[in-house]
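Visitor: Pasting the feature list from Swiss-Prot:
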ACT_SITE  42  active site, nucleophile
ACT_SITE  287  active site, proton donor
CARBOHYD  92  N-linked glycosylation site
CARBOHYD  133  N-linked glycosylation site
CARBOHYD  167  N-linked glycosylation site
CARBOHYD  177  N-linked glycosylation site
CARBOHYD  191  N-linked glycosylation site
CARBOHYD  197  N-linked glycosylation site
CARBOHYD  267  N-linked glycosylation site
CARBOHYD  322  N-linked glycosylation site
CARBOHYD  331  N-linked glycosylation site
CARBOHYD  374  N-linked glycosylation site
SIGNAL    1-30  signal peptide
TOPO_DOM  403-423  topological domain 'Cytoplasmic'
């Protein structure tokens, strides 16, 4: 009996202590999503330009060149629906302006893509319907003029240092060899299109035109065989690498994609230290925007981002209170977003590690880093000369003032103090 009583007392004591611990210790918080940033490309569009011998000129396209098509609108509406499903329980099912902020480049196709996306993401509820026959509500999309956009329109410029890096890239063996290997092919394309300047850097225009025409069921010219179009596609992908890589990728990133990445990291850090809105920040932009960002992150797959593709940043608060970042890339509407792994970090990357690993591509002063070394030195010399000139000018003014006052004193007797005056 005594042994049983002792065992019972120990069990009761353990239960009592466990109850006390649960009372004193705060409950463990489950891992939770705190903030999402999206960067997506616009949807299907008409060609941005064409070539002189193209039988399909601008009047062939209902809204002209570079405009979002009905297919593009549907692509983004479907992406909005997919995002609505992915973030069910995180975002409100109806639009709340405090939760969402959308910024777009100032192009019709990106603005309209954002609007179509929001229509899929936030269909109006009963209270938000302004017309019972219209299942849509206006949601603001913010932008700045193209000439002032230093966040989403790439490549950023003017930037003399970046142009210098591009000139150096043209001298690399990879670029030179690619030019030699494709010289005859580029000449053929120039002859068939009527273009006078077809290079590795401009060939994407030809591919883009043919791709858009083929996508919309237009008959391609005989010279644009499947093999030719495939080769054009490969050179188009090379032109993206030329913009942001091949040579001095980190330096290029500091002047290009690192600018956007810096803003994204700033937002992630802010959301980890405050509980402010919004929950969702959206950027509507271009394939070059996605390439610039992904090259800065060193996660680019070497292929042009398809229409309505979407790079996702998700900020989580772990059960221990720390924060982590996960990235995904949705480049196929029929598949789940593909996990992206920042080199040197697991997919669930601690926020502090994410910041540390990306620091080399974050510019400290973009304007200053864009200047050439000689320009910086010349500026310093000019400033020094300006300072010296100002000092010399002040000395001359002071000297002239003294001389003027001396000459202004009237002639006659002047008292001269002797020693007794200072006794």
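Keep in mind that glycine also has a Cβ here, set from the backbone N, Cα and C atoms.
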Visitor: Which of the listed glycosylation sites (133, 177, 197, 322, 374) has the least company, meaning the fewest other Cβ atoms within 10 Å of its Cβ?
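Guide: Among the glycosylation sites 133, 177, 197, 322, 374, the sparsest Cβ neighbourhood within 10 Å belongs to 133.
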Visitor: What is the total of other Cβ atoms whose distance to the Cβ of residue 42 (active site, nucleophile) is within 10 Å?
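Guide: Excluding its own Cβ, residue 42 (active site, nucleophile) sees 30 Cβ atoms within 10 Å.
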Visitor: Per 10 Å Cβ neighbour count, which of the glycosylation sites 92, 167, 191, 267, 331 ranks highest?
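Guide: Checking each of 92, 167, 191, 267, 331, the winner is 331.
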Visitor: To the nearest whole angstrom, what is the C-alpha distance linking residue 177 (N-linked glycosylation site) and residue 167 (N-linked glycosylation site)?
Guide: 15
Visitor: Give the helix, strand or coil assignment DSSP yields for residue 133 (N-linked glycosylation site).
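Guide: Residue 133 (N-linked glycosylation site) sits in coil per DSSP, no helix or strand.
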Visitor: Give me the CA-CA distance between residue 42 (active site, nucleophile) and residue 197 (N-linked glycosylation site), in Å, as a whole number.
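Guide: Pair distance, Cα basis, whole Å: 28 Å.
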Visitor: What is the nearest of the glycosylation sites 92, 133, 167, 191, 374 to the residue listed as 'active site, proton donor', using the Cα of each?
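Guide: Comparing Cα positions, the candidate nearest the residue listed as 'active site, proton donor' turns out to be 167.
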Visitor: On a C-alpha basis, identify the one among 133, 167, 331 that is nearest to residue 374 (N-linked glycosylation site); the candidates are the glycosylation sites.
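Guide: For residue 374 (N-linked glycosylation site), the spatially nearest of the glycosylation sites is 167.
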Visitor: Specify the nearest of the glycosylation sites 92, 322, 331 to residue 167 (N-linked glycosylation site), where nearness means the distance between Cα atoms.
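Guide: The answer is 331.
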Visitor: Can you tell me which of the glycosylation sites 133, 197, 267, 322, 331 is spatially closest to residue 92 (N-linked glycosylation site)? Compare CA atoms only.
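Guide: Nearest in space to residue 92 (N-linked glycosylation site), counting only the glycosylation sites, is 267.
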Visitor: Let me check the 10 A CB neighbour count of the residue listed as 'active site, proton donor'. How many other CB atoms are there?
Guide: 19
